[in-house]
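Asker: The structure under discussion is supplied below as C-alpha coordinates; questions concerning it will follow.
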Amino acid sequence: MVLQSNISNPCNKKCKSQFHGGTEARKKELIHVKNPHLERMPCDTLYHIHLGTEYQDLQALFGDIKFVCMGGTPARMKEFAHFIKNEIGYIPPYGTTLEDISKLGHRYSMFKVGPVLSVSHGMGVPSIGILLHEMIKLMYHAQVKDPVFFRIGTCGGIGIEGGNIVITSEALNGYGEPNFDLPVLGKKMSRPAKLDSNLAMDLKNLTLPEDPWDTTIGKTMCADDFYEGQGRLDGAFCEYSEADKIAYLTKLHKNGVRNIEMEAVIFGALTHHAGIRAAIVCVTLLNRLNGDQINSTREERDEWQARPQKLVSRYIKNQLNLSS
Ligand SMILES: O=P(O)(O)O[C@@H]1C[C@H](O)[C@@H](CO)O1
Ligand SMILES: O=c1cc[nH]c(=O)[nH]1
(Lines of atoms letter the chains of each structure in order from A and count residues from 1; the text may use other names and numbers.)
(Lines give C-alpha, C1' and ligand atoms only; values in the text may rest on other atoms or scores of the structure.)
(Ligands and ions follow the chains in the order given, each with its own letter.)
Protein backbone atom coordinates (compact mmCIF):
# COMPACT_ATOMS: atom_id res chain seq x y z
CA MET A 1 0.00 0.00 0.00
CA VAL A 2 1.14 3.56 -0.65
CA LEU A 3 1.43 4.23 3.08
CA GLN A 4 4.20 1.70 3.41
CA SER A 5 6.82 3.64 1.48
CA ASN A 6 6.20 6.79 3.54
CA ILE A 7 6.45 4.90 6.79
CA SER A 8 9.97 3.69 6.16
CA ASN A 9 11.28 7.22 5.63
CA PRO A 10 14.15 8.11 7.94
CA CYS A 11 13.61 10.96 10.37
CA ASN A 12 14.13 14.31 8.66
CA LYS A 13 13.85 16.37 11.87
CA LYS A 14 10.91 18.37 10.53
CA CYS A 15 7.35 17.90 11.67
CA LYS A 16 5.44 16.74 8.59
CA SER A 17 1.99 16.85 10.17
CA GLN A 18 0.39 20.20 10.74
CA PHE A 19 0.50 19.74 14.48
CA HIS A 20 -1.70 22.61 15.66
CA GLY A 21 -3.57 22.99 12.39
CA GLY A 22 -7.15 24.04 11.70
CA THR A 23 -9.38 26.97 12.51
CA GLU A 24 -10.87 27.36 16.00
CA ALA A 25 -14.26 26.19 14.66
CA ARG A 26 -12.70 23.11 13.06
CA LYS A 27 -10.69 22.36 16.19
CA LYS A 28 -13.94 22.14 18.20
CA GLU A 29 -15.17 19.32 15.95
CA LEU A 30 -12.01 17.29 16.37
CA ILE A 31 -10.87 14.72 18.88
CA HIS A 32 -10.31 16.01 22.44
CA VAL A 33 -6.83 14.92 23.46
CA LYS A 34 -7.06 16.98 26.68
CA ASN A 35 -3.31 17.26 27.16
CA PRO A 36 -1.79 20.77 27.19
CA HIS A 37 1.73 19.35 26.89
CA LEU A 38 1.02 17.98 23.41
CA GLU A 39 0.51 21.48 22.00
CA ARG A 40 3.99 22.48 23.18
CA MET A 41 5.77 19.49 21.64
CA PRO A 42 7.35 20.19 18.26
CA CYS A 43 6.71 16.61 17.10
CA ASP A 44 4.93 13.55 18.42
CA THR A 45 6.18 9.99 17.92
CA LEU A 46 3.48 7.30 18.07
CA TYR A 47 6.14 4.79 18.98
CA HIS A 48 4.18 1.53 19.23
CA ILE A 49 2.36 1.95 15.91
CA HIS A 50 5.47 3.17 14.14
CA LEU A 51 4.06 6.49 13.02
CA GLY A 52 4.89 10.07 13.96
CA THR A 53 4.29 13.67 13.03
CA GLU A 54 8.01 13.95 12.35
CA TYR A 55 7.95 11.18 9.77
CA GLN A 56 4.61 11.38 8.01
CA ASP A 57 1.94 13.85 7.04
CA LEU A 58 -0.67 12.12 9.20
CA GLN A 59 -3.50 14.30 7.96
CA ALA A 60 -2.76 13.37 4.34
CA LEU A 61 -2.47 9.69 5.19
CA PHE A 62 -5.28 9.26 7.74
CA GLY A 63 -7.51 12.34 7.42
CA ASP A 64 -10.25 10.29 5.66
CA ILE A 65 -10.70 7.78 8.49
CA LYS A 66 -14.27 7.32 9.75
CA PHE A 67 -14.09 3.95 11.54
CA VAL A 68 -11.42 2.45 13.78
CA CYS A 69 -11.93 -1.27 14.41
CA MET A 70 -9.84 -3.04 17.04
CA GLY A 71 -9.54 -6.67 18.07
CA GLY A 72 -7.08 -8.81 19.96
CA THR A 73 -5.12 -10.68 17.32
CA PRO A 74 -3.20 -9.56 14.21
CA ALA A 75 -4.75 -12.47 12.24
CA ARG A 76 -8.31 -11.39 13.07
CA MET A 77 -7.67 -7.79 12.14
CA LYS A 78 -5.96 -8.74 8.89
CA GLU A 79 -8.94 -10.96 8.10
CA PHE A 80 -11.30 -8.09 8.95
CA ALA A 81 -9.32 -5.74 6.68
CA HIS A 82 -9.79 -8.10 3.73
CA PHE A 83 -13.44 -8.72 4.63
CA ILE A 84 -14.34 -5.03 4.88
CA LYS A 85 -12.36 -4.32 1.68
CA ASN A 86 -14.71 -6.64 -0.21
CA GLU A 87 -17.80 -5.44 1.64
CA ILE A 88 -17.26 -1.76 0.86
CA GLY A 89 -15.72 -2.41 -2.57
CA TYR A 90 -12.48 -0.66 -1.69
CA ILE A 91 -9.85 -0.80 -4.43
CA PRO A 92 -6.32 -0.11 -3.16
CA PRO A 93 -4.32 2.38 -5.24
CA TYR A 94 -2.80 0.84 -8.38
CA GLY A 95 0.10 -1.51 -7.66
CA THR A 96 -0.48 -1.61 -3.90
CA THR A 97 -1.85 -4.22 -1.48
CA LEU A 98 -3.12 -4.13 2.09
CA GLU A 99 0.10 -3.82 4.07
CA ASP A 100 0.57 -3.89 7.83
CA ILE A 101 1.28 -0.19 8.48
CA SER A 102 2.67 -0.81 11.98
CA LYS A 103 4.75 -3.88 11.11
CA LEU A 104 8.03 -2.19 11.96
CA GLY A 105 6.74 -1.27 15.43
CA HIS A 106 6.62 -5.06 16.16
CA ARG A 107 3.72 -4.59 18.62
CA TYR A 108 0.43 -4.11 16.79
CA SER A 109 -0.83 -4.74 13.25
CA MET A 110 -2.74 -2.00 11.45
CA PHE A 111 -4.41 -2.03 8.03
CA LYS A 112 -6.03 0.93 6.28
CA VAL A 113 -8.96 0.13 4.01
CA GLY A 114 -10.20 3.47 2.71
CA PRO A 115 -12.11 5.06 5.62
CA VAL A 116 -11.59 2.02 7.89
CA LEU A 117 -8.62 1.24 10.12
CA SER A 118 -8.33 -2.34 11.35
CA VAL A 119 -5.91 -2.64 14.27
CA SER A 120 -4.88 -5.45 16.64
CA HIS A 121 -4.66 -4.52 20.33
CA GLY A 122 -3.16 -7.56 22.07
CA MET A 123 -4.53 -8.90 25.36
CA GLY A 124 -5.68 -6.92 28.35
CA VAL A 125 -6.02 -3.35 29.57
CA PRO A 126 -2.35 -2.24 29.46
CA SER A 127 -1.91 -3.42 25.87
CA ILE A 128 -5.10 -1.86 24.46
CA GLY A 129 -4.52 1.23 26.65
CA ILE A 130 -1.21 2.08 24.98
CA LEU A 131 -2.78 1.55 21.58
CA LEU A 132 -5.80 3.72 22.46
CA HIS A 133 -3.57 6.64 23.49
CA GLU A 134 -1.74 6.41 20.18
CA MET A 135 -4.87 5.87 18.05
CA ILE A 136 -6.63 8.82 19.70
CA LYS A 137 -3.57 10.99 19.07
CA LEU A 138 -3.45 9.68 15.49
CA MET A 139 -7.05 10.85 15.01
CA TYR A 140 -6.10 14.22 16.50
CA HIS A 141 -3.02 14.72 14.34
CA ALA A 142 -4.91 13.54 11.24
CA GLN A 143 -7.73 16.00 12.10
CA VAL A 144 -10.31 13.25 11.77
CA LYS A 145 -13.86 14.41 12.49
CA ASP A 146 -16.21 12.25 14.58
CA PRO A 147 -14.66 8.79 14.06
CA VAL A 148 -16.43 5.74 15.51
CA PHE A 149 -14.35 3.17 17.40
CA PHE A 150 -15.29 -0.51 17.64
CA ARG A 151 -13.83 -3.39 19.57
CA ILE A 152 -14.53 -6.63 17.71
CA GLY A 153 -13.69 -9.26 20.29
CA THR A 154 -14.26 -12.60 21.95
CA CYS A 155 -15.54 -13.15 25.49
CA GLY A 156 -17.03 -15.61 27.93
CA GLY A 157 -20.82 -15.43 28.11
CA ILE A 158 -22.76 -15.43 31.37
CA GLY A 159 -25.98 -17.31 30.72
CA ILE A 160 -25.27 -17.04 26.99
CA GLU A 161 -24.09 -20.02 24.95
CA GLY A 162 -21.05 -19.94 22.64
CA GLY A 163 -21.41 -18.24 19.25
CA ASN A 164 -23.74 -15.41 20.32
CA ILE A 165 -22.99 -11.70 20.34
CA VAL A 166 -22.96 -9.40 23.35
CA ILE A 167 -22.81 -5.63 22.81
CA THR A 168 -21.63 -3.79 25.90
CA SER A 169 -24.02 -1.32 27.53
CA GLU A 170 -21.66 -0.49 30.39
CA ALA A 171 -18.24 -1.79 31.38
CA LEU A 172 -17.49 -2.81 34.97
CA ASN A 173 -14.09 -3.36 36.51
CA GLY A 174 -13.20 -6.41 38.61
CA TYR A 175 -14.72 -4.75 41.69
CA GLY A 176 -18.04 -4.28 39.90
CA GLU A 177 -17.55 -0.51 39.45
CA PRO A 178 -18.29 1.23 36.11
CA ASN A 179 -14.85 2.85 36.07
CA PHE A 180 -11.38 2.51 34.70
CA ASP A 181 -8.96 3.09 37.61
CA LEU A 182 -5.25 3.75 37.13
CA PRO A 183 -2.52 4.70 39.61
CA VAL A 184 -1.19 8.05 38.32
CA LEU A 185 1.65 9.77 40.21
CA GLY A 186 0.93 7.43 43.11
CA LYS A 187 -2.78 8.30 43.34
CA LYS A 188 -5.91 6.60 42.03
CA MET A 189 -7.23 8.23 38.86
CA SER A 190 -10.75 7.10 37.98
CA ARG A 191 -12.64 7.64 34.71
CA PRO A 192 -16.18 6.46 33.85
CA ALA A 193 -16.22 3.54 31.39
CA LYS A 194 -19.12 4.70 29.19
CA LEU A 195 -20.18 3.44 25.78
CA ASP A 196 -22.59 4.92 23.28
CA SER A 197 -26.07 3.46 23.91
CA ASN A 198 -27.51 4.62 20.55
CA LEU A 199 -24.64 3.00 18.68
CA ALA A 200 -25.16 -0.22 20.67
CA MET A 201 -28.86 -0.24 19.73
CA ASP A 202 -28.12 0.55 16.06
CA LEU A 203 -25.73 -2.40 15.95
CA LYS A 204 -28.15 -4.78 17.66
CA ASN A 205 -30.87 -3.80 15.19
CA LEU A 206 -28.62 -4.89 12.32
CA THR A 207 -28.96 -8.52 13.43
CA LEU A 208 -31.10 -10.30 10.83
CA PRO A 209 -33.74 -12.96 11.58
CA GLU A 210 -31.72 -15.46 9.51
CA ASP A 211 -28.45 -14.85 11.40
CA PRO A 212 -27.38 -17.98 13.29
CA TRP A 213 -26.77 -16.01 16.49
CA ASP A 214 -28.64 -13.85 19.00
CA THR A 215 -27.42 -10.36 19.86
CA THR A 216 -27.84 -9.16 23.45
CA ILE A 217 -27.04 -5.76 24.93
CA GLY A 218 -25.69 -6.13 28.46
CA LYS A 219 -23.05 -5.11 30.93
CA THR A 220 -19.51 -6.41 30.45
CA MET A 221 -17.16 -7.36 33.27
CA CYS A 222 -13.59 -6.47 32.37
CA ALA A 223 -11.06 -8.67 34.14
CA ASP A 224 -7.31 -8.17 34.46
CA ASP A 225 -6.71 -11.88 34.02
CA PHE A 226 -8.16 -14.80 32.06
CA TYR A 227 -8.05 -17.34 34.92
CA GLU A 228 -8.50 -16.33 38.58
CA GLY A 229 -9.61 -12.82 37.56
CA GLN A 230 -12.54 -14.36 35.67
CA GLY A 231 -13.36 -16.90 38.40
CA ARG A 232 -12.06 -19.87 36.42
CA LEU A 233 -11.28 -23.17 38.12
CA ASP A 234 -8.69 -24.25 35.53
CA GLY A 235 -5.73 -21.89 36.07
CA ALA A 236 -2.41 -22.96 37.58
CA PHE A 237 -3.65 -21.64 40.93
CA CYS A 238 -7.11 -21.45 42.51
CA GLU A 239 -8.17 -20.85 46.11
CA TYR A 240 -11.98 -20.88 45.81
CA SER A 241 -14.57 -23.61 45.31
CA GLU A 242 -16.84 -24.30 42.34
CA ALA A 243 -19.76 -23.12 44.52
CA ASP A 244 -17.93 -19.79 45.13
CA LYS A 245 -17.40 -19.39 41.38
CA ILE A 246 -21.05 -20.07 40.49
CA ALA A 247 -22.25 -17.74 43.27
CA TYR A 248 -20.03 -14.97 41.87
CA LEU A 249 -21.11 -15.45 38.24
CA THR A 250 -24.78 -15.65 39.30
CA LYS A 251 -24.38 -12.37 41.20
CA LEU A 252 -22.88 -10.76 38.11
CA HIS A 253 -25.76 -12.08 35.99
CA LYS A 254 -28.32 -10.65 38.44
CA ASN A 255 -26.53 -7.29 38.08
CA GLY A 256 -27.08 -7.37 34.30
CA VAL A 257 -23.61 -8.61 33.33
CA ARG A 258 -23.77 -10.83 30.24
CA ASN A 259 -20.12 -11.34 29.39
CA ILE A 260 -16.52 -11.18 30.62
CA GLU A 261 -13.53 -10.01 28.63
CA MET A 262 -10.35 -8.03 29.31
CA GLU A 263 -10.41 -4.62 27.63
CA ALA A 264 -13.86 -3.04 28.07
CA VAL A 265 -13.21 -0.57 30.91
CA ILE A 266 -10.30 1.23 29.34
CA PHE A 267 -11.86 1.10 25.86
CA GLY A 268 -15.04 2.72 27.25
CA ALA A 269 -13.18 5.19 29.48
CA LEU A 270 -10.65 6.54 26.99
CA THR A 271 -13.05 6.80 24.04
CA HIS A 272 -15.62 8.54 26.28
CA HIS A 273 -12.96 10.91 27.63
CA ALA A 274 -11.98 11.80 24.06
CA GLY A 275 -15.62 12.32 22.99
CA ILE A 276 -15.45 9.38 20.58
CA ARG A 277 -18.54 7.27 19.91
CA ALA A 278 -17.62 3.65 20.62
CA ALA A 279 -19.05 0.15 20.86
CA ILE A 280 -17.79 -3.23 22.03
CA VAL A 281 -19.14 -6.16 20.03
CA CYS A 282 -17.95 -9.55 21.28
CA VAL A 283 -18.82 -13.12 20.41
CA THR A 284 -19.12 -15.55 23.33
CA LEU A 285 -16.80 -18.56 23.18
CA LEU A 286 -18.67 -20.46 25.91
CA ASN A 287 -21.26 -20.05 28.66
CA ARG A 288 -19.21 -19.61 31.82
CA LEU A 289 -22.06 -20.98 33.95
CA ASN A 290 -21.39 -24.34 32.26
CA GLY A 291 -17.58 -24.44 32.26
CA ASP A 292 -14.22 -22.77 31.88
CA GLN A 293 -12.28 -24.56 29.16
CA ILE A 294 -12.60 -23.32 25.61
CA ASN A 295 -12.96 -26.55 23.68
CA SER A 296 -14.90 -25.57 20.59
CA THR A 297 -13.11 -26.50 17.35
CA ARG A 298 -10.79 -24.07 15.55
CA GLU A 299 -13.24 -23.98 12.59
CA GLU A 300 -16.16 -23.21 14.89
CA ARG A 301 -14.25 -20.41 16.63
CA ASP A 302 -13.16 -18.91 13.30
CA GLU A 303 -16.78 -18.80 12.16
CA TRP A 304 -17.93 -17.33 15.49
CA GLN A 305 -15.18 -14.66 15.44
CA ALA A 306 -16.46 -13.50 12.05
CA ARG A 307 -19.91 -12.70 13.52
CA PRO A 308 -19.06 -9.38 15.25
CA GLN A 309 -17.20 -8.43 12.05
CA LYS A 310 -20.38 -9.00 10.03
CA LEU A 311 -22.44 -6.81 12.35
CA VAL A 312 -19.88 -3.98 12.34
CA SER A 313 -19.50 -4.26 8.57
CA ARG A 314 -23.27 -3.82 8.14
CA TYR A 315 -23.09 -0.67 10.26
CA ILE A 316 -20.15 0.72 8.27
CA LYS A 317 -21.88 0.00 4.96
CA ASN A 318 -25.05 1.74 6.14
CA GLN A 319 -23.06 4.77 7.22
CA LEU A 320 -21.29 4.88 3.86
CA ASN A 321 -24.67 4.54 2.10
CA LEU A 322 -23.65 1.25 0.53
CA SER A 323 -26.41 -1.32 0.11
CA SER A 324 -26.12 -4.47 2.25
O1 LIG B 1 -10.32 -9.49 21.23
P2 LIG B 1 -9.94 -10.64 22.06
O3 LIG B 1 -10.47 -11.91 21.51
O4 LIG B 1 -8.45 -10.72 22.23
O5 LIG B 1 -10.54 -10.46 23.54
C6 LIG B 1 -10.55 -11.38 24.57
C7 LIG B 1 -10.06 -10.72 25.85
C8 LIG B 1 -8.58 -11.10 25.89
O9 LIG B 1 -7.82 -10.14 25.18
C10 LIG B 1 -8.52 -12.42 25.18
C11 LIG B 1 -8.41 -13.59 26.13
O12 LIG B 1 -8.44 -14.81 25.46
O13 LIG B 1 -9.73 -12.53 24.41
O1 LIG C 1 -13.87 -16.62 28.68
C2 LIG C 1 -13.31 -15.80 27.95
C3 LIG C 1 -13.24 -15.96 26.55
C4 LIG C 1 -12.58 -15.02 25.81
N5 LIG C 1 -12.01 -13.98 26.43
C6 LIG C 1 -12.05 -13.82 27.76
O7 LIG C 1 -11.49 -12.85 28.29
N8 LIG C 1 -12.71 -14.72 28.49
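Glycine too: its Cβ is placed from the backbone N, Cα and C atoms.
Features from TrEMBL:
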- Arg107, Arg151, Ile152, Gly153, Thr154: phosphate binding site (BINDING)
- Gln230, Arg232: substrate binding site (BINDING)
- 66-317: domain 'Nucleoside phosphorylase' (DOMAIN)
Asker: For a Cβ distance below 6 Å to any atom of ligand 1, name the binding-site residues from Ile152, Gly153, Thr154 that qualify, or say none.
Answerer: Gly153, Thr154
Asker: Does DSSP give Arg151 (phosphate binding site) helix, strand or coil?
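Answerer: Arg151 (phosphate binding site) sits in a strand per DSSP.
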Asker: Which of the binding-site residues Arg107, Arg151, Ile152, Gly153, Thr154 have a Cβ less than 6 Å from any atom of ligand 2?
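Answerer: Correct list: Thr154.
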Asker: What whole-number distance in angstrom separates the two most remote CA atoms of the phosphate-binding residues Arg107, Arg151, Ile152, Gly153, Thr154?
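Answerer: Per the listed residues, the maximum Cα distance equals 20 Å.
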Asker: Measuring CB to CB from Arg151 (phosphate binding site), give everything in the same chain under 8 Å that is also at least six residues away in sequence.
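Answerer: Result: Met70, Gly71, His121, Ile128, Glu263, Ala264, Phe267, Ala278, Ala279, Ile280, Val281, Cys282.
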Asker: I'd like to confirm something. Which of the binding-site residues, Arg107, Ile152, Gly153, Thr154, has a Cα closest to the Cα of Arg232 (substrate binding site)?
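Answerer: Answer for the nearest of the binding-site residues: Thr154.
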Asker: Taking just the CA atoms, what is the gap between Arg107 (phosphate binding site) and Gln230 (substrate binding site) in Å?
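Answerer: Cα to Cα, Arg107 (phosphate binding site) and Gln230 (substrate binding site) are separated by 26 Å.
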Asker: Given Gln230 (substrate binding site) and Thr154 (phosphate binding site), what distance in Å do their CA atoms have, once rounded to a whole number?
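Answerer: Distance between the two Cα atoms comes out at 14 Å.
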Asker: In sequence order, which residues at least six apart in the same chain have a CB under 8 Å from the CB of Thr154 (phosphate binding site)?
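Answerer: Within the chain, Thr154 (phosphate binding site) has Cβ neighbours under 8 Å at Gly72, Glu261, Cys282, Val283, Thr284, Leu285, Arg301, Trp304, Gln305.
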Asker: Which ones in the same chain are close to Gly153 (phosphate binding site), with CB under 8 Å and 6+ residues apart in sequence?
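Answerer: Spatial neighbours, sequence-distant, of Gly153 (phosphate binding site): Gly71, Gly72, Glu261, Glu263, Ile280, Val281, Cys282, Val283, Pro308.
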Asker: Are there any residues in the same chain, six or more apart in sequence, whose C-beta is under 8 angstroms from the C-beta of Ile152 (phosphate binding site), and if so which?
Answerer: Cys69, Met70, Gly71, Arg76, Phe80, Val281, Cys282, Pro308, Gln309, Val312
